[in-house]
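*Asks:* Below is the structure I would like to discuss, written out as structure tokens.
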Amino acid sequence: MFVLVLNAGSSSLKFNLFDMTKEVSIAEGMAERIGLAEANLECTLAGDKRRDTLPLPTHREALEAILERLRAAVLHDTPIHAVGHRVVHGGPKYGDSVLVTEEVVADIEHFSLYAPLHNPANALGIRTAMEAFPDVPHVAVFDTAFHHDIPDFARIYGIPYELSQKYGIRRYGFHGTSHAFVAARTALLLCRPLRSLKIITCHIGNGTSICAVLNGKSMDTSMGMTPLQGVIMGTRCGTIDPSVVEMLMEYENLDYKAITDLLNKKSGLLGISGVSSDFREIEMAANQGNERARLARDLLTYNVRQFIGSYATVLDGVDAITFTAGIGTHSTFVRAKVCSKLTFLGVKLDPEANEHGKGERIISTSDSRVVVTVVPTNEELMIAREAVR
Ligand code: ADP
């Protein structure tokens, strides 16, 4: 059974083709710069990586080019059985993946009010794919769904209740497929049932979110109504005093678009360091003595630690802490720094396993009261599984 997973951005289209009889990815890649004079299409087909520069005026041409390559190299005449779509925001309505109908696409477009940078592109990707595969089931998998049932007190903001109700203003949380995936893998690593575990999952990448997972369910998470809240990220500011926004708008003469741009694209690691949003470059600059890069790096690890401490109380204890995504999976420094101040919880990191191990593994010592794991995330596989389900 072949399942195509699509993740559409405003000028990009990522794809992954899974053979779900074996749960393996057989092709993946991405079209970038869609709509510009020269777009890029990178495909890894049957282990063979190829990159082309070609005009891709819209997502439709991008999908056609992807399908042409898939059919020539791996699919041949085998049909695609289902398409799974990554959708960032499911609003208050969707607490689970859903078979796409016209109503669902209209809802996704409507929820652009909470995710203006993502949902319009996600809806466009779905419409394009439905034209290409009109007779195949399409499934929308929401980043917010895993957090749909967090308790009311963990999601309400301290603004007038009527306004929260009127506009659906509340914490929704994101990276849900990732948190769900790594929590389940962590239970397997511990050889214990997920439904009996208290796990704090740390997705630390360009976007970062931490999640308190109780018995397999999200109880709280650091991102909010939008992915701007919580820990500082590559270019996003994370939680700040809302008065900073008012002040900057007034004194820097910024309108709504300019302040949104500043907080989403010019802040976080990039804004503090002035070096880069890429953590590898931050680490390099910090190690060479760049004070602002050090400050950015230290704030990131401090924020992650703050959330872990906070979620230990949300869960009333912790069995496992899991690191995932680009930084969480690869930065030995970040994991060591975060865990160094968690000794009060009984965390004992095994420096050898932290520094020299590879892939999915336990990185705490055998007498650590809390098991610490590294689990590379696989959101695409989760989406394919949801499509099959
Ligand atoms: P996204 O949120 O876009 O999916 P990723 O999860 O791929 O992002 O994370 C990207 C981040 O991971 C970048 O900041 C990158 O510098 C960082 N990263 C990737 N590899 C390493 C590494 N070996 N050491 C430290 N950071 C890394």
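A Cβ is built for glycine as well, from the same backbone N, Cα and C atoms used for every other residue.
Caution: TrEMBL annotation is automatic and unverified by curators.
Annotation comment: TrEMBL describes Asn7, Glu379 as Mg(2+) binding site. If you look up TrEMBL, you'll see Lys14, His203, Ile204, Gly205, Asn206, Gly207, Asp278, Phe279, Arg280 marked as ATP binding site. Feature annotation from TrEMBL assigns substrate binding site to Arg86. What TrEMBL records for Asp143 is active site, proton donor/acceptor. According to TrEMBL, the feature site 'Transition state stabilizer' maps to His175, Arg236.
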*Asks:* Return one of helix, strand or coil for the residue listed as 'substrate binding site', based on DSSP.
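*Replies:* Assignment for the residue listed as 'substrate binding site' reads strand.
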*Asks:* Given Lys14, Arg86, Ile204, Asn206 as the binding-site residues, which ones have a Cβ positioned under 6 Å from some atom of ligand 1?
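*Replies:* The ones that qualify, in sequence order, are Asn206.
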*Asks:* Would you say which of the recorded positions Asp143, Asp278, Glu379 has the most Cβ atoms within 10 Å of its own Cβ?
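*Replies:* Output for this query is Asp143.
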*Asks:* If you compare CA-to-CA distances from His175 (site 'Transition state stabilizer') to each of the binding-site residues Asn206, Asp278, Arg280, Glu379, which comes out shortest?
*Replies:* Glu379
*Asks:* Output, ordered by sequence, the same-chain residues six or more apart from Asn206 (ATP binding site) with a CB under 8 Å from its CB, or 'none'.
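*Replies:* Long-range Cβ contacts: Met233, Gly234, Thr235, Ser277, Gly326.
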*Asks:* Over all pairs within Lys14, His203, Ile204, Gly205, Asn206, Gly207, Asp278, Phe279, Arg280, the annotated ATP binders, what is the largest Cα to Cα distance, rounded to whole Å?
*Replies:* 23
*Asks:* Given the recorded positions Arg86, Arg236, which one's Cβ is surrounded by the fewest other Cβ atoms within 10 Å?
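*Replies:* Arg86, out of the recorded positions Arg86, Arg236, has the fewest neighbouring Cβ atoms within 10 Å.
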*Asks:* Would you please pick out, from the recorded positions Lys14, His175, Arg280, the one with the fewest other Cβ atoms within 10 Å of its Cβ?
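*Replies:* Each of the recorded positions Lys14, His175, Arg280 was scored by Cβ atoms within 10 Å; lowest is Arg280.
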*Asks:* If you measure from the C-alpha of Asp143 (active site, proton donor/acceptor), which of the recorded positions Asn7, Lys14, Arg236, Asp278 fall inside 10 Å?
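*Replies:* So the list is empty; none.
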